Amino acid sequence: MPLKTIEGTFIAPQGKYALVVGRFNSFVVESLVSGAVDALVRHGVSENDITIIRAPGAFEIPLVAQKVAQQGEYDAIIALGAVIRGGTPHFEYVAGECTKGLAQVSMEFGVPVAFGVLTVDSIEQAIERSGTKAGNKGAEAALSALEMVSLLSQLEAK
């Protein structure tokens, strides 16, 4: 007898999705946004069910995501941004707090928060992860959101 397996799919066209986007490093972030929107639309989500909400930077994304989750209007939140390491400890603070804050929002409100915030050592790595050699992490985050919406709906139906 096979083991029972529950897993999400990339088909959740009825969902509403909020993209919470940090504007800092916009030359990279806009590629993440394009990748996320394209992935959602290719998997059946209407553009009318996608809202882009812009925050100043990655550090502010968790608070905006929290407010979005509180509204209860969206099935998933996709956080997009880019934190590029510099010569000071600033990178660790911003990347760490953004990560912790987004995880907290997801757990507190039971809403999937897909992590598409690049935390990289160089501009070259950011460019690679926003649509060139290493794929588009915005598109990957959107697919994670779709899968989580599908998975949670199955778990809630049980």
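Keep in mind that glycine also has a Cβ here, set from the backbone N, Cα and C atoms.
Feature annotations, courtesy of Swiss-Prot:
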- H90: active site, proton donor (ACT_SITE)
- F24, A58, F59, E60, A82, V83, I84, F115: 5-amino-6-(D-ribitylamino)uracil binding site (BINDING)
- G87, T88, R129: (2S)-2-hydroxy-3-oxobutyl phosphate binding site (BINDING)
F59 (5-amino-6-(D-ribitylamino)uracil binding site) versus recorded positions G87, H90, R129 - nearest by Cα: H90
Nearest of the recorded positions (G87, H90, R129) to F24 (5-amino-6-(D-ribitylamino)uracil binding site), judged by Cα-Cα distance: H90
Inter-residue Cα distance where the pair is A82 (5-amino-6-(D-ribitylamino)uracil binding site) and R129 ((2S)-2-hydroxy-3-oxobutyl phosphate binding site), in Å: 10
Number of other Cβ atoms within 10 Å of the Cβ of A82 (5-amino-6-(D-ribitylamino)uracil binding site) across all protein chains: 27
For 5-amino-6-(D-ribitylamino)uracil: widest Cα to Cα gap among F24, A58, F59, E60, A82, V83, I84, F115 in Å: 16
Integer Å distance between the CA atoms belonging to H90 (active site, proton donor) and A58 (5-amino-6-(D-ribitylamino)uracil binding site): 12
